[in-house]
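Features as listed in TrEMBL:
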DOMAIN    2-116  domain 'Response regulatory'
MOD_RES   D51  4-aspartylphosphate
DNA_BIND  125-219  DNA-binding region
DOMAIN    125-219  domain 'OmpR/PhoB-type'
Amino acid sequence: MRLLIVEDEKRLAMSLAGGLAAEGFAVDVVHDGLEGLHRAAEGAYDLVVLDIMLPGMNGYRVCAALRAAGHEMPILMLTAKDGEYDEAEGLDTGADDYLTKPFSYVVLVARIRALLRRRGGGSGSPVVTVGSLRMDTAARRVHLGSAEITLTTKEFAVLEQLVLRSGQVVSKADILEHVWDFAYDGDPNIVEVYVSALRRKLGAAAIRTVRGAGYRLEAL
Ligand code: CA
């Protein structure tokens, strides 16, 4: 899952990014509203964390512009203090949720996960099953039958992309875009390394390579 943080308080932005990266998210950070708008409109983000008082363009306008352009990713707005933020106005511009600073990091992560589950549609359950594979995206645990499979955060994130689109071919570029942040300029074949690791843990038949197209998770 790839997140964009648009927040001009650099220390807060970097600490959020560090914490969310440790949770297995790919996180990009920008400090200016206009740059945030461009980045959010171009990138394949699963969710945007958007401050309201920003240089360049304020968060309300960024949010409204994204919705006007047809972007439907969840947007979680941040506000510095009570009163700065008008909840009705924020929700009017198309934000999905908001948090007032100072907020608890644990609450932020819970809200982000809830928005991502809601976006996934259906029951909003954090547990996804494909055959005998069961992935709990909230507890971050994976079981194959009755056996628990221990994955690193990156392995988990790669598997999550395949599980969320099980039965479909997911391209290497797609996985790269959702799991690694834009600062990653290394070899795109890094995806293969993680797919190999997942095959070792889940069985070689779990992930099929579709030549020239990508990977497909097979029901086990
Ligand atoms: Ca601000």
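Cβ coordinates are placed from backbone N, Cα and C, and glycine is handled just like the others.
Source: prediction; values computed, not measured.
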Problem set entry | Spatial neighbours of D51 (4-aspartylphosphate) that are distant in sequence (at least 6 apart) but have CB under 8 A | V6, E7, D8, E9, G59, M77, L78, T79, A80
Exercise. Between 0 and 100, where does the mean pLDDT of the DNA-binding region (125-219) sit?
Worked result: 88
